[in-house]
Ligand SMILES: [Zn+2]
């Protein structure tokens, strides 16, 4: 949190209570890929005065400053996560561009093993498989 607040300060932004509340939700829910609506609902519990517009503006600012990632996982439905927690496992269709998020327990195990074997602190990764989704594959015949 301090790191993030310092980085915002350097860029001339202030960490307002609203911005901090939004960040806190993302910090407390790692790898959840929260939608703006989810974040709004959670923030409201501690900060009932915050409006949806403020949450959107904050998310916009934070993604512009690369503090959080904006993921477009499905049509028009943006999800957010902290930059340092980025873990992508996606199936990318080369024809229609559809991106499917998948999760596999094996990846978590592999990450742990790689970290231990290499004494390497892993903070994120990007794993994409390219190919054709079921729909496109069957359209091809
Ligand atoms: Zn496809």
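Glycine is no exception: its Cβ is also placed from the backbone N, Cα and C atoms.
Features of the protein shown, as given by TrEMBL:
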| type | residues | note |
| --- | --- | --- |
| BINDING | 93, 96, 133, 136 | Zn(2+) binding site |
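Take the CB of residue 136 (Zn(2+) binding site) and look out to 10 A: across all protein chains shown you find 15 other CB atoms. The C-beta environment of residue 133 (Zn(2+) binding site), restricted to residues of the same chain at least 6 apart in sequence and closer than 8 Å, consists of 91, 93, 95, 96, 98, 100. For the binding-site residues given as 93, 96, the lowest number of other CB atoms within 10 Å of the residue's CB is seen at 96. A coil conformation is recorded for residue 96 (Zn(2+) binding site) in the three-state DSSP classification, outside any helix or strand. Using the Cβ center of 93, 96, 133, 136 for Zn(2+), the list of other same-chain residues with Cβ within 8 Å runs, in sequence order, 94, 95, 97, 98, 132, 134, 135, 137.
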